[in-house]
């Protein structure tokens, strides 16, 4: 019997029955085969495969004296070291000869560099006991007895806050506007502040101001009848020789004369502005719940006070009227109401801010050009933009829509007026817009406009809106940003005089700033009230650099006189620097698609469900 299988070479393969031998037979057959196979000599490969390892060769060693190592290892080690040395030398040669390409971080832009300096100005303006990290070497503790004036009928702790300008007076009206502006810039651009490494610094500056404001009235009460408007005095009219903060030229650290406290019981504008500053700051410090709530409570108390006894704070004060005269309180009502709405979410504040009667008194419908200029006196342009923000992002609808649309239209008109295409405002030959009609001290108005223009541009970008209309003409958001840049670039040195108007920025900047502390050396010599006059009148540059100070600015012909006694050119102010800081942070860094924080300002605002409009009147035949 036979079986056939497939032969891989093509033929039949016969399997004999003899294959079915027992295991013992197969074993014997294999042994015979193995003996036959091994009877012939094997080559080296066969030996290694079939016979296992051959006899080991004798290893050779190298005697190094203290140790004996394998010759093979020694040769391999020495060879590796030589090759490594040659390779390292070759790489070093390449590195030395080939040009280097640095991949370091990009140099900060001019706006960021100027921002660092502009914030330093507030450190130099601090009153009271200074923190150890204040970083202004020529400043020290000053006016530690504020509020304890011998001539005052009140006695309370009013230490702290900021000196207004080159003097040592604490004017609470422009000072509170300063804190509102700084807070607004932090709310919108906190990420930019953080990128610049200045977020903690600017928040500390804001808190220095709000801590002082809480001392100026009974912040724990639900209602008040008076508040502090000013600390210090500066009236020298009629040839008065009474020592005060304007008559005397001396360092704040050396002040020994009386510093009276001015209070007011009817000061709607001041109270509403300070309410705005506390409300805005409460959003900045929303993560510090206890402090934020304290600020909100104080803001509510002040705003209620502002609405009860209506009068301008400067109406009954010769001091305030002379230096910071307020023209109206209606704009502060809208401004303060808007900020309190954002801080609390209470719709009663929004209802007030959007009341047509209030807008009419504030001049919303008048079309007066000066009402579009944001300043320490007039907040209408700022309030209009602040409320336009609400319409752009939340669109609450009825019953607010009509007034919000009006504010939005006013904001659009204001932005149109900034463009050089229109001749709404005069400009110097160097391109500086004259928002105060060519009067002295123009820069404080210019920086505020640059901030508003950049912010509105960013609002539109964040709302996916490419631009806005000026009459029949459509303009892109880039035109607003370009306007802001041209104005700030002018201030940074791109002007006919090639001069920076920020002290310490660039190579050419004012050296004779109208500022007591900066003009008197810190040399352990105490100059009395009149003793500093010779330093005031000196033609020598200030011994101390007032880093970051925005001076008052050039005249309408781009001219500038770097003279200490001419404050219309060389005096800086808190309000001016606040606008500068806001504009710089808005323009700083690379412009991304969205550069503002859309949501933080709405943190306290509840979800909005528009109220349906009332039904139409029944039809009558």
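Note: Cβ is positioned from N, Cα and C throughout, glycine not excepted.
Feature list (source: TrEMBL):
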- 514: active site (ACT_SITE)
- 562: active site (ACT_SITE)
- 571: active site (ACT_SITE)
- 111-584: domain 'Glycoside hydrolase family 9' (DOMAIN)
- 1-27: region 'Disordered' (REGION)
- 73-95: transmembrane segment (TRANSMEM)
Residue 562 (active site), number of other Cβ atoms within 10 Å: 16
Rounded Cα-Cα span from residue 562 (active site) to residue 514 (active site), Å: 9
Pairwise Cα distance for residue 562 (active site)/residue 571 (active site) [Å, integer]: 10
Model confidence over the domain 'Glycoside hydrolase family 9' (111-584) (mean pLDDT, whole number): 96
Neighbour tally for residue 571 (active site), based on other Cβ positions within 10 Å of its Cβ: 21
CB contacts for residue 514 (active site) [other CB atoms within 10 A, all chains]: 26
